[in-house]
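Starting off with a structure, shown below.
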Ligand SMILES: [Zn+2]
């Protein structure tokens, strides 16, 4: 598969984690050398990437997404494993966890292995399928968690994402079951009765524009219940896309008590608010909904102080007919793989709240730890480590346009906005998947998959 992995690269004057400039040599799939300019041996024929003028490009461990919807099998009109992982590479990712709400559902060893193999064939990033907690996401019967864990896909993250595991007995059983193989249940916290017919955040804006509200307590009550269940059974819980100030407080309390819980926030919840619903543009319709400025401030604070462990994209591509319609009938969700790093830079780095080392922690190290893939991903930028790397130009400014993104769907909430930062290169085990800000097509890809690359 990785026929081109023997190519060597020398990255001139790059700044690991934003520190002082060094030269970094990639060869044979690993980081072969790091040192001051002129002090490292450069293999003959190595491709040179120079930083150019300015303070220099930032070198980070390859990004890892714990929450991606690749839509295949079943909704290949929205995204495929090929197009979604190609978009991931463009966004600086070297691994993604593919959510289970496909058709058929990723609730058996057979389906998770299918997605895993599609990821290997595409070759853009490592694809780690998430297993469903319940059969068909039906919320009634536990899926074959053990069989998925033992499969070739080696599933460690289980989630009914899109739906909440709302039955407390089932949730308890799932938490107990995954302990056997060091798995984690990733909960989409949404109390179903409190959110019947809900269209957006419940608050001032929903009252003014007349859309059914989705109260913060519908998220917080499930999180509160689940951290207590996790404590009770001594298991590991991960909370997907938390979005309210109250949720941050509950996680902070639970961690203070020693409960083994981790939490994620999406890029969009770090910056967008429910004010954007005023024009009824469904591109801003998402689950959980965009909240208030106070919530945005709370999730930023939670991310900065470590209460929230990771940023996960919740990349949720939809075809135009599912988004370009009335708000009430539009699908929930937004794309995110190609803008996540820029949003984190804008909201956390450029505001002085986080360093680039912190970015590596929340977008690479912690997600790989939660997903139990630390043998291959989220590794330090150090000699001998696998060359899974992202090279970023933090001084670039990009105008975002959904139609020119790599993902097969157009539903980016950042369309028409300018965001800082640009992924210049991405390396997967030393092979460039992105160079000069452009995905590198045709190096290792099967012909049948190349057809899927065109939109
Ligand atoms: Zn979700």
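Each Cβ is built from the backbone N, Cα and C atoms, and glycine gets one as well.
A TrEMBL annotation is a machine prediction, not a hand-curated record.
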Among 128, 232, 238, 241, which is the one TrEMBL gives for the Zn(2+) 2 site where 161, 188 also bind?
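Same Zn(2+) 2 site in TrEMBL: 241.
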Suppose a student reads TrEMBL and sees 67, 69, 161 listed for Zn(2+) 1. Which of 305, 309, 314 should they find annotated at that same site?
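Within the candidate list, TrEMBL flags 314.
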10 Å Cβ neighbour count around residue 287 (substrate binding site)?
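Residue 287 (substrate binding site): 20 neighbouring Cβ atoms within 10 Å.
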Far apart in sequence but close in space: which same-chain residues, 6 or more away, have a Cβ under 8 Å from residue 71 (substrate binding site)?
78, 79, 80, 84, 102, 317
Same chain, not part of 67, 69, 161, 314: whose C-beta falls within 8 angstroms of the C-beta centre of the Zn(2+) 1 site? Give them in sequence order.
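Near the Zn(2+) 1 site, beyond 67, 69, 161, 314, sit 68, 99, 162, 240, 241, 312, 313, 315, 316.
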Counting only other Cβ atoms and using a 10 Å cut-off, which of the binding-site residues 161, 314 scores lowest?
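Counting other Cβ atoms within 10 Å of each of the binding-site residues 161, 314 gives the minimum at 161.
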List the residues in the vicinity of the Zn(2+) 2 site, defined as same-chain residues other than 161, 188, 241 with C-beta within 8 angstroms of the site's C-beta centre.
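Near the Zn(2+) 2 site, the remaining chain residues are 67, 99, 159, 162, 186, 187, 189, 190, 240, 287, 288, 314.
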Relative to the Cα of residue 333 (substrate binding site), which of the binding-site residues 67, 161, 188, 241 have a Cα no more than 10 Å away?
none
Residues with Cβ closer than 8 Å to the Cβ of residue 69 (Zn(2+) 1 binding site), same chain and 6+ apart in sequence?
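Set apart from residue 69 (Zn(2+) 1 binding site) by at least 6 residues yet with Cβ under 8 Å, we have 79, 84, 98, 99, 101, 314, 315, 316, 317, 333.
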